[in-house]
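Listed in TrEMBL for this protein:
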- 21-274: domain 'Cytochrome b561 bacterial/Ni-hydrogenase' (DOMAIN)
- 28-48: transmembrane segment (TRANSMEM)
- 128-149: transmembrane segment (TRANSMEM)
- 198-220: transmembrane segment (TRANSMEM)
- 240-261: transmembrane segment (TRANSMEM)
Amino acid sequence: MSHETPRRRSTSRRKSVLIRRHSVLTRLTHWVNVLCLCVLLLSGLQIFNAYPRLHWGEYGADADPAVVEIGADEANGKPRGYLKVGGVSLATTGALGLSTVDGVRMRRAFPAWLTLPSYQDLAAGRRWHFFFAWVFVFNGLVYLVHGLWSGHLRRDLLPDRRQLGPRHIWREIVDHARLRFPSGEEARNYNTLQKLSYIVVIAGLLPLMVLTGLTMSPGMDAAFPQLLDIFGGRQSARTIHFISASLIVLFVVIHVAMVVLSGPWNNMRSMITGRYAIRPKELSHE
């Protein structure tokens, strides 16, 4: 006959259970992606600094209207940095267009601490960018092949009909806004918002960024001229490339925020060791 008190039984029920959440290959490709995206972002901004204007169409030069422009000019006799988006101009001195490097004001779109290398060197930036771009592509192909072969993509990332219901999605949005995260059996799998965001990034933004990057290569255009037709010209491809990269940065910021808010140690452990702790839900009468 058990003499366990209700409080002890309640405590035992609430003990965390470790489950295997991520495979070795998923974890490996995740961290390779982290490295690649960091280098690609910093080196990409170095490349952007060589011509800090975005155009739409087949051609783009200084005399052509720009969709986005980062630069520097003078206002009231003083130099100032600016960001222009369409017809709207914002003063960004110290951050964009005009920043301080070793105590000296320099005209450069993105500051030194945001570029690789930190000094202005287009050739070095291109070498860093192209090398890690191909590492990124190869790593992504490995992940996709493994995900299809193992069933990871179908099993873990595709939402079912119940999860795609408007009420279910709205409830998850409200829960996230209130910082209420899944527990118990619900925490074993990705929630709907996670699945949808991962699918958008994996099947949408990342391929778009790769294809627009290839479209900016004269060699690839010669081999696959259809790329220019698909994206409406090399300058349009460059603009789409910049937008898709910006959206990926936004995704990463939100992703890291959710990792921290929902339990940084547990989430980091799951992506390093593969083990994730599940905390059973408390009973309604407790």
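Even glycines carry a Cβ here, placed using N, Cα and C.
Curation plays no part in TrEMBL annotations; they are all automatic predictions.
The model shown is predicted, which means the values in this text are computed figures rather than measured ones.
Proximity of distant same-chain residues to the transmembrane segment (128-149), defined by a Cβ-Cβ separation under 8 Å and at least 6 residues beyond the stretch ends, is recorded for 23, 25-26, 29, 32-33, 35-37, 39-40, 42-44, 46-47, 116-117, 157, 206, 210, 213. Through the fold, the transmembrane segment (198-220) approaches residues 133, 136-137, 140, 157-158, 190, 227-228, 230-231, 234, 237-238, 240-241, 244-245, 247-248, 251 of its own chain, all at least 6 residues removed from its boundaries and within a Cβ separation under 8 Å. Within the model, the domain 'Cytochrome b561 bacterial/Ni-hydrogenase' (21-274) shows a mean pLDDT value of 92, rounded to a whole number.
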